[in-house]
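Colleague: Pulled these features from Swiss-Prot for this protein:
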BINDING   566, 570, 683, 687  Zn(2+) binding site
């Protein structure tokens with residue numbers, strides 16, 4: 001049974017038992033900073049179990065994407081040599097939130113394993129909790145299991161194996177593990193094999209019975225609504241059901257391994273000699289595909305660094321078996337072919353995944369050769385030592401991008417180990433330096449700025465783009481100086497400035513400072529301490545000193561682009577609420593000079609009609625040239641006016657309210673033709689004086705950023721004009737290619753599509769006629785074999801679907817008999833067998849016929865008694881296999 005079928009059968013079985021089928025959550029846990037990655041199916045239900053969240057269902061089932069590659073649950077080093085360890089795996093799980101408990105959980109598990117997928121009960125063992133001074137032995141589970149298996153197969157273990165807890169405080173409970181014997185001879189089973197080093201006894205399913213709660217004082221109480229959390233590895237279940245010993249021999253991995261062999265042009269001997277490297281590539285290809293699909297990119301911190309390690313580790317092992325150029329996009333394409341139906345995000349992001357992983361491989365390949373040379377140069381310095389320098393290991397990582405585990409592997413081949421303490425010391429020193437360099441990142445609050453107790457900066461930029469001020473602080477490379485010189489990248493604070501500091505989504509200004517002896521080009525302005533505007537820039541001329549009076553001028557063109565976009569976000573917000581409802585509140589924004597980005601609450605994507613309506617409304621308000629005003633007032637007064645406060649922002653007693661329109665008709669110049677706008681928001685940003693200054697508003701994209709949160713990106717002013725010009729040029733180019741005037745491009749495309757459809761319909765009609773003729777021709781070849789009408793033939797088929805349809809048509813038209821067909825598609829042999837109902841009753845079995853024939857072409861398969869298909873690897877053996885088909889009856 002294929003892995004994909006096992007997954008679907010699991011979901012379908014529990015759906016029939018009243019469980020809501022819940023899609024897998026992301027590998028990146030939502031709102032859980034304690035977890036680097038999702039490691040179990042229950043992670044997405046954690047708040048439900050803890051009573052913090054309610055769902056519209058009380059029982060659920062899922063197939064959860066999981067990654068175990070860090071901390072205690074780190075399988076990375078075992079991946080490759082181990083037959084069953086993986087970084088990525090799928091956890092099948094069923095869950096009860098105060099609904100059913102042990103009786104049904106055990107019944108469901110037994111029914112699924114023995115009845116739904118046909119596992120042998122005589123190979124099954126279960127474990128229960130033996131109890132301790134606080135939690136008694138789980139006699140309830142023991143007695144429930146007795147209904148399904150003899151007492152000698154119900155084993156008792158301690159807390160290490162059979163007690164689950166969420167931590168020192170919180171829910172906990174006994175668990176019951178289901179183990180399966182995969183050895184050759186079931187008569188050799190002994191109880192001592194369970195939870196031992198004997199890997200012919202394999203745990204496949206863990207049923208957790210959450211029935212207690214432990215408080216801060218260590219006191220245990222029964223939960224008012226006990227719950228169920230179960231987990232079963234699809235990879236392990238495939239081992240059991242497919243009758244193999246290693247997960248890499250299941251169909252969850254063999255297609256990836258075959259892709260590697262095809263790319264290298266190698267055979268089974270090469271694979272057997274280098275199986276660990278093949279397994280690393282196969283395992284990591286799955287992890288990499290899902291990590292990128294879930295939004296990660298390779299980097300040097302946190303989750304991004306884990307992804308970089310995996311890509312580079314896979315690339316390195318690939319090179320050890322013969323790859324010279326990037327190859328992971330090809331193995332990942334196989335992963336997507338296999339898993340894209342179950343996880344559509346893989347297919348939708350396939351091109352992006354390939355681009356990201358290939359780029360990272362190329363970067364690694366550029367540094368690998370130099371890194372290896374550097375490592376070789378370092379090794380003589382380690383003479384007569386058993387430990388490789390941690391400082392050198394860090395240099396390989398920092399300069400050449402060598403992950404630590406890669407260095408460990410290479411030096412281990414020379415009999416050395418890495419000084420991990422020294423490596424960590426170097427890494428922490430770099431992080432400390434990085435924290436100092438990161439002072440201008442958004443939201444960064446540097447302790448040294450707070451300690452200086454600087455007076456709040458007076459912002460003059462609401463009314464002017466140039467003003468004078470005095471230098472209060474100067475900083476270079478983290479140190480406070482009295483004077484900064486040409487060429488230095490500096491930070492400085494003035495007592496007053498026209499430059500806006502980044503906040504509320506609006507980017508900081510750029511500009512120039514001119515003093516009596518020097519000039520600083522300003523790149524950015526931030527507020528690391530409330531009220532203190534820290535400017536960042538480079539001294540381009542002379543020097544600047546503390547106390548000097550200077551003149552600061554804002555980049556006017558950039559500021560105009562920013563204010564257009566900022567006022568446009570207010571208009572967009574108003575239009576969204578008017579179109580979608582008041583729930584469409586702002587969740588975040590970016591106001592940059594070249595574009596605006598606006599995140600808002602909405603459960604589903606917007607239709608083309610809705611987007612056009614919103615865009616038209618905003619442009620109507622722009623054409624109305626309504627007045628934009630700002631006023632400071634008490635917070636209660638602002639609320640009385642209906643001013644919107646945004647996404648949990650904290651406000652003082654006095655707030656700034658930006659109002660667009662909302663006044664008399666005279667506030668809107670074009671009141672005869674346009675509906676006036678009325679928008680009031682609490683906002684500290686800078687804006688246009690009238691909406692007409694925005695010029696033009698154009699939505700360029702709409703999509704999802706999180707559950708229930710949508711994002712619109714748009715352009716205004718100069719950027720909008722450029723966008724429209726680019727689109728017009730695109731239409732002209734398409735017109736040239738289609739031989740049509742720009743205004744006729746749509747008409748020409750419609751005509752081409754209609755013609756294409758007509759041709760496809762004609763092709764399908766002709767295929768139908770050919771198939772009908774082929775059916776009649778094949779029926780004419782019918783023979784009698786052992787009293788059974790039989791058609792055996794090799795046929796031509798364009799694809800697997802047409803091959804299957806031909807077999808079904810023959811079976812339906814033969815009346816009574818058996819059909820056996822073979823074909824070759826893309827160089828691979830395919831076989832099918834079909835039997836009419838009366839022949840099935842007479843004992844004919846299409847699945848058995850196909851299984852026997854598939855073995856002759858180097859494949860396997862089977863299926864139902866009335867219809868079955870199988871594939872193989874040896875197309876040259878197909879004719880001989882068909883020639884021997886008669887003898888199978």
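Here the Cβ of each residue, glycine as well, is placed from N, Cα and C on the backbone.
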Colleague: By a simple count, how many Cβ atoms lie within 10 Å of the Cβ of residue 570 (Zn(2+) binding site), its own Cβ left out?
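Modeller: For residue 570 (Zn(2+) binding site), the count of other Cβ atoms within 10 Å is 27.
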Colleague: What three-state secondary structure does DSSP assign to residue 566 (Zn(2+) binding site)?
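Modeller: DSSP call for residue 566 (Zn(2+) binding site): helix.
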Colleague: Using an 8 Å cut-off from the Cβ centroid of 566, 570, 683, 687, can you name the remaining same-chain residues around the Zn(2+) site, in sequence order?
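Modeller: Close Cβ neighbours, site residues excluded: 563, 567, 569, 628, 658, 660, 681, 685, 686.
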Colleague: Output, ordered by sequence, the same-chain residues six or more apart from residue 683 (Zn(2+) binding site) with a CB under 8 Å from its CB, or 'none'.
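Modeller: Expected: 504, 570, 630, 656, 657, 658.
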Colleague: Provide the number of Cβ atoms within 10 Å of the Cβ of residue 566 (Zn(2+) binding site), excluding the reference atom itself.
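Modeller: Neighbour count, Cβ to Cβ under the 10 Å cut-off: 27.
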Colleague: What's the number of neighbouring CB atoms sitting within 10 A of the CB on residue 687 (Zn(2+) binding site)?
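Modeller: A 10 Å sphere around the Cβ of residue 687 (Zn(2+) binding site) contains 25 other Cβ atoms.
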